[in-house]
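**Q** Found this in TrEMBL, in case it helps:
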type	residues	note
TRANSMEM	37-60	transmembrane segment
TRANSMEM	80-101	transmembrane segment
TRANSMEM	122-143	transmembrane segment
TRANSMEM	170-188	transmembrane segment
TRANSMEM	200-222	transmembrane segment
TRANSMEM	249-270	transmembrane segment
Amino acid sequence: MTKDVEAVAEPEFSAKDYNDPPPAPLIDMEELKKWSLYRACIAEFVATLLFLYITVLTVIGYSAQSDTAAGGDDCGGVGILGIAWAFGGMIFILVYCTAGISGGHINPAVTFGLFVARKVSLLRAVLYMISQCLGAICGVGLVKAFQSSYYVRYGGGANVMAHGYNKGTGLGAEIIGTFVLVYTVFAATDPKRNARDSHVPVLAPLPIGFAVFMVHLATIPITGTGINPARSFGAAVIYNQEKSWNEHWIFWVGPFIGAAVAAIYHQYVLRAAAIKALGSFRSTA
């Protein structure tokens, strides 16, 4: 006799266990009526202020401690490694604190990249950038107020090209450095990754902070590391010397190009958003 074998129904799994948020509208005037927008702008302002205060103070402190002409020690201070840790560590802390309020951009290049990827509206992007730049100016202003004797002597933490490097090299360094940062932002906050790796406790601010740390190690000797137009703008405004303004365009053009390339690469190559959109259009037709 043959035994009847009962077929066991296998559970059906959805082909897609995550949901992409809808693209942000280009211009959404309704946002102006929402307190959440202004709260987010305040968060970006305060976070960028704190970021510039701590990091620029670290840069000037290291310069003072390692200045042998003023009685310092060549090996004194935190060194380039410590400066890189200050920038990366502050980004980790501030992104963690503000991610649930504003998204934790703290960088016009990050905001621009998210705008290119249709993650934020044009209105929100512009207001974020204004808030970040104002916060950066205030943060560096506090540094100058507290360290007035050292501030001008040691360059005010302004981004300038190092001796021996041309502007093309600096621009390339800023483009690649910002690409690394913004690409990491997209990868760390990807809803598909969060759904697929939900069993792995990945804290998004951690890889973002490490990206900032690694980029600083590579590019401090070239440009002092910008990769954040607000950081460069705030320092240039308060320091206000000719050299910092002559090369200032590098620290806007480079980060914006790098951010745009990272957004396009992640959204339209890795995530294949253009192909998905075309397929959706054909199926609807």
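Start at 1 and count along the chain as shown; that gives each residue its number.
Just so you know, glycine gets a Cβ as well, placed from its N, Cα and C.
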**Q** By Cβ distance under 8 Å, which residues at least 6 away from the ends of the transmembrane segment (249-270) in the same chain are close to it?
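**A** Residues 107-110, 112-114, 116-117, 159, 161, 167, 170-179, 181-183, 186-187, 190, 223, 226-229, 232-233 contact the transmembrane segment (249-270) from elsewhere in the chain.
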**Q** Rank 37-60, 170-188, 200-222 by Cβ pairs under 8 Å to the transmembrane segment (80-101) and hand me the top one.
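**A** The listed stretch sharing the most Cβ pairs with the transmembrane segment (80-101) is 200-222.
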**Q** Let me spell it out: take the transmembrane segment (37-60), skip the flanking residues so only those 6+ beyond its ends count, and list any with a Cβ under 8 Å from a Cβ in it.
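**A** Same-chain contacts beyond the ends: 31, 78, 82-83, 86-87, 90-91, 94, 97-98, 101-106, 124, 127-128, 130-136, 138-140, 142-143, 146-147, 150-151, 154-157, 230-231, 234-235.
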